[in-house]
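J.: The following feature annotations were taken from Swiss-Prot:
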- Asp67, Asp71: Mg(2+) 1 binding site (BINDING)
- Asp67, Asp71: Mg(2+) 2 binding site (BINDING)
Amino acid sequence: MKEIVHEKIQNLDLKEYLINFIDEKNHFSFGILSFKHYVALSGNRSSHILTLAGGIELLILAFDIFDDLEDEDNIEIKWMKIDPSLALNAATTLYTLGLETICSISNSAEFHRLTLKYALNAMQGQHEDLRNSPETEEECIQMMKQKAGSLTAMSAVLAAMLANGEFNQTIEDYAYKIGIIKQLENDYYGLVNDQRSDIRKKRKTLIYLFLNRKFNEASEKILKLINSHTSYHSFISDSSKFDELLFEAGLNQYVSMLIKLYEEEITASMNQLNINIKL
């Protein structure tokens, strides 16, 4: 990622910001997902997949910055500590660099079309999230599929196309589910992270919609705490007590069941294609 920035960016001040932001990354799960698919499908040009993975991770970093700026999240991270206009310009630069890098790997019009489709769909999913639009669990899952699933689909599908030159619908379908799992895990983490704005802004995540069905007293208690920002953050400081309440509400079981269901569907689809990837 840094090599791409050093090669493409001449403005030294902007370059320094981008390198510092890249240093903030501590996971590269989207690039790894691409790499695993490329290897599983017998791709043999390491320079191609490394370039793809780097381009995708630049794009993911851009989306992370956009997301934090829009949600006012993670206030201790580097891009949230500078002038928002500079952070926004840096994110736009990373977004453009990511797309340019990805599209430079292949001359295929279909490869380019899919790259832009997934990026555009992810932004539309983010718009629905910012609008707090979902009213039902089905609508929320569709939003998660667009917002997060589009990026996991990009990672897996483009790697497969690099390996064998073909678009595979089955890979796209299960890759969307990988993204839904990632988003669900992220939303669950948002329950206990006081750096996140999910609670303060009452985001209609799948978790919130489940609680809002008020199956039991524990669900209602959590909702009341959510409506009292100070009480909520005081309560979650006692993690064992909060975990117990989540369990009583049935939330832990609900999230675990959904993840297990999607994982089983993903594994079944991979087995059909003789793809052996550990997620």
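Quick reminder: no glycine exception, Cβ is built from N, Cα and C everywhere.
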J.: Provide the number of Cβ atoms within 10 Å of the Cβ of Asp67 (Mg(2+) 1 binding site), excluding the reference atom itself.
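T.: Around Asp67 (Mg(2+) 1 binding site), other Cβ atoms within 10 Å: 16.
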J.: By a simple count, how many Cβ atoms lie within 10 Å of the Cβ of Asp71 (Mg(2+) 1 binding site), its own Cβ left out?
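T.: Neighbour count, Cβ to Cβ under the 10 Å cut-off: 18.
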